[in-house]
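Under the heading compositional bias 'Acidic residues', Swiss-Prot lists 37-75. The compositional bias 'Basic residues' feature in Swiss-Prot is assigned to 268-279. What Swiss-Prot records for N136, N191 is N-linked glycosylation site, and it gives sequence analysis as the kind of evidence. Taken from Swiss-Prot, the feature phosphoserine applies to S247, S268, supported by similarity to another entry. Swiss-Prot lists T260 with the feature phosphothreonine, giving similarity to another entry as the kind of evidence. The region 'Disordered' annotation in Swiss-Prot covers 37-83, 261-286. Per Swiss-Prot, the feature signal peptide maps to 1-20. Positions annotated as topological domain 'Lumenal' by Swiss-Prot, on the basis of sequence analysis: 21-207. Residues annotated as topological domain 'Cytoplasmic' in Swiss-Prot: 229-286.
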Amino acid sequence: MSSLRRLLLLLLLVFPATLLLRVGPGGSLAVAQDLTEDEETVEDSIIEDEDDEAEVEEDEPTDLAEDKEEDDVSGEPEASPSADTTILFVKGEDFPANNIVKFLVGFTNKGTEDFIVESLDASFRYPQDYQFYIQNFTALPLNTVVPPQRQATFEYSFIPAEPMGGRPFGLVINLNYKDLNGNVFQDAVFNQTVTIIEREDGLDGETIFMYMFLAGLGLLVVVGLHQLLESRKRKRPIQKVEMGTSSQNDVDMSWIPQETLNQINKASPRRLPRKRAQKRSVGSDE
């Protein structure tokens, strides 16, 4: 029993000593080394982030420059400062659907070199987005040379589609020309939102069909009434009118007594006036 107690006391003394030796100065060094390694990794990550931000800041100006260059390359040609254009709509700025719209474009060369007017085109576009074409008309080839200090006039006409009536659209009219050096120019002579007017004059297909339908309906009504009247006339019974007897021979006189017949014959109106007339004539002679 005493030996067991001694062993337990020895273990109790040895075990804390071993723990102190393991976690002592060596353990603190390990923890310190771990902390320094973590700090180094954090500092390295911060430095890398700063380098990335610097690279992004350096790349931004180059990207903007590239975007500007792309815009310059992909952008449409502009008008030349040495040229001037005007437009005149022949029938005013009214655009009736399914009707001819005609306008004149004047070109003035104010420079010292010749300009070659190549073509004239027009198109209807979506009002909210002019990049979306609604109706694109055929370009008119011109190929006309305009000398310096000279003017030229060009005529163009188009027909708005009938379904576009009553709606607003963007009308774009472009005049394309170039100089002798090959520089291409484009002048937007007209670039505004216009409203297509619905045609009210004349007869369209729907109106003609409606009139024909009404005429046919009226004809059917007339024919029906005529047939109804004819059928009613046929159904009416013929009323018999009593005509009476035209002569006494048609009357059966056998049932009348003979004496009565003799009196009737004696007092007949045809014979009495004659007898009276004869008596009067005899009396006058006397």
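Glycine residues also receive a Cβ, built from the backbone N, Cα and C atoms like all the rest.
These numbers come from a predicted model, not from an experiment.
Annotated features taken from Swiss-Prot, shown on the structure.
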residue : record                      : Cβ contacts under 8 Å, 6 or more apart
N136    : N-linked glycosylation site : S123, F124
N191    : N-linked glycosylation site : Y130, G170, L171, V172, I173
T260    : phosphothreonine            : none
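Confidence for the topological domain 'Lumenal' (21-207), expressed as mean pLDDT, is 79. The DSSP secondary structure for T260 (phosphothreonine) is helix.
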